[in-house]
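A.B. asks: Quick one: structure below, then a few questions.
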Amino acid sequence: MKSFKLNRVRYQNIMSVGGNPIDIQLDKVQKTLITGKNGGGKSTMLEAITFGLFGKPFRDVKKGQIINSTNKKELLVELWMEFDDKKYFIKRGQKPNIFEISVDGVRLDESASSRDFQEEFERSIGMSYASFKQIVVLGTAGYTPFMALSTPARRKLVEDLLEVGTLAEMDKINKSQVRELNSQGQVLDAKKDGVIQQIKIYNENIERQKKLSGDNVARLQNMYDDLAKEARSLKAEIEEANERLLNIVLDEDPTEAFNKIGQEAFLIKSKIDSYNKVIKMYHDGGTCPTCASQLHQGDPIVSKITDKLHECNHSFEQLTCHRDNLSVLVDEYRANVKTKQDLASDIRTKKQAMIATIDKAKKVKAAIEQASAEFIDHADEIALLQKELDKIIKTKSDIVLEKYHRGIITDMLKDSGIKGAIIKKYVPLFNKQINHYLKIMEADYVFSIDEEFNESIKSRGREEFSYASFSQGEKARIDIALLFTWRDIAEKVSGVRINTLIMDEVMDSATDSEGIKAISTILNSLTDANVFIISHRDHDPQAYGQHLQMSKVGRFTVMTVS
């Protein structure tokens with residue numbers, strides 16, 4: 001029988017332990033008592049072993065919180081153990097991170113990720129974190145009694161113990177294969193659609209060739225004649241538009257002369273306004289704002305300015321008349337320009353339409369020539385494609401059949417399938433062992449669980465009741481009975497003897513003196529095991545092979561062996 005045995009642990013800078021390491025030989029005696037005051041570090045060994053094996057704290061704290069709060073670095077756990085006649089050395093630390101494993105003195109390859117490396121290690125020693133906390137350790141911190149677990153968690157634990165986890169792996173592989181079959185089926189469907197489409201194209205081509213023969217040629221010829229007529233009509237319209245375009249002769253653009261006369265008229269108008277302003281000043285009298293001389297209506301200069309004003313008015317009238325004449329010419333010029341632009345645009349549009357019509361006529365002509373050509377037979381191509389299609393359909397049928405078979409496997413691998421059958425087979429053994437240990441602890445009731453891990457507790461002459469209705473002491477009896485039952489089952493199923501048991505403050509809880517005596521009886525029967533009792537109660541040291549006392553010196557825990 002294989003053996004899971006912890007030999008030695010050395011740890012430093014973890015919890016209250018500082019840089020001076022604590023070194024414990026774990027397989028030295030059958031029973032070891034570990035005592036100390038609260039906060040003295042008596043449970044730190046358990047944290048160190050758990051971290052060494054699984055890289056996790058035993059209690060429900062973050063990994064970084066177990067580093068010694070004073071030194072804050074160089075947490076290191078070294079663990080020596082045996083499994084299946086192989087000697088393991090595990091070295092694990094934080095700040096810096098360290099994770100090394102040696103088997104029989106040979107260091108294992110760490111090329112995989114730390115998570116994969118850890119999973120492979122747990123498989124190799126036949127122990128998971130959850131199993132360790134249920135069958136190696138019974139404690140008040142970080143330990144959840146089996147009866148306090150959820151139904152899925154209870155099932156998972158028992159499945160691990162019965163080693164039916166392989167079925168879960170098979171289920172994963174099976175589901176992966178189903179997904180792969182679905183993917184292959186989708187690819188085949190796409191291929192099938194492609195082949196069917198190719199066959200369809202060939203058949204359509206044959207039909208198209210048939211349609212292009214006979215009356216179809218005449219229809220195409222009519223289309224060609226209509227397109228040719230349309231092209232000739234467009235050509236005639238283009239020629240007519242070109243002729244009209246050539247007949248439009250543009251004279252010199254009068255816009256510049258029109259604008260120049262406008263500017264001259266504006267200047268003369270400005271002079272007229274200026275003369276009128278000066279005449280008004282002399283008419284109103286007063287003082288000249290420029291030279292300060294006296295202004296009066298009879299000044300001779302008024303007559304001269306009046307003459308100039310008449311000349312400007314005459315010139316302005318002539319320019320206005322000329323400007324009006326030029327405005328007519330400008331409008332005519334612009335109208336001719338627009339007409340030419342419209343004709344040019346119309347010519348371009350009709351040329352494009354004519355080109356498109358000619359292109360259509362060419363295509364129809366090509367279709368006529370194709371219809372008149374020799375008929376092309378695609379029988380060989382269609383035969384090859386049909387053969388390929390038959391092969392695809394056969395492969396798809398095989399996939400559908402395999403999916404059906406894998407569906408059956410899926411049903412078998414469900415909780416109600418093979419796993420359920422295995423669990424059903426072991427339930428009577430579970431109940432037998434549980435009640436065996438309860439009898440040793442002088443319990444006056446019968447405890448049983450069903451295939452769904454629901455408990456049933458009966459006592460002679462009393463009503464049926466539940467785990468939750470018990471006192472803490474009775475719950476402790478049941479928890480301990482379950483612990484030893486799971487250890488027994490794990491050993492029977494795996495063929496692995498678990499040589500280590502750690503009980504953390506179990507005897508300090510609600511268990512009474514009779515319960516403690518019963519537990520001691522069970523522990524004394526484990527002659528091949530190394531049992532560690534962690535307690536802050538008074539115990540008889542003579543009942544133990546060694547006594548490890550943990551105490552604080554300053555801020556750090558030290559160990560005294562007696």
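Cβ atoms are placed via backbone N, Cα and C, with glycine included.
Quantities reported herein were computed from a predicted structural model and do not represent experimental measurements.
Straight out of Swiss-Prot:
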{"type": "BINDING", "residues": "Gly36, Lys37, Asn38, Gly39, Gly40, Gly41, Lys42, Ser43", "note": "ATP binding site"}
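Are these features on the surface or tucked inside, and what are their neighbours?
C.D. replies: In the three-state DSSP scheme, Gly39 (ATP binding site) falls into the coil class. The Cβ neighbour count for Gly39 (ATP binding site), using a 10 Å radius over every protein chain in view, is 11.
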A.B. asks: Around the ATP site recorded as Gly36, Lys37, Asn38, Gly39, Gly40, Gly41, Lys42, Ser43, what other same-chain residues have a C-beta within 8 angstroms of the site's C-beta center?
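C.D. replies: Apart from the listed residues, the neighbours are Ser16, His536, Met550, Ser551, Lys552, Thr557.
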A.B. asks: Please determine which of the binding-site residues listed here (Asn38, Ser43) has the lowest count of neighbouring CB atoms within 10 Å.
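C.D. replies: Among the binding-site residues Asn38, Ser43, the sparsest Cβ neighbourhood within 10 Å belongs to Asn38.
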A.B. asks: Fewest other Cβ atoms within 10 Å: which of the binding-site residues Lys37, Lys42 wins that one? Let me know.
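C.D. replies: So among Lys37, Lys42, the binding-site residues given, the one with the fewest Cβ atoms within 10 Å is Lys37.
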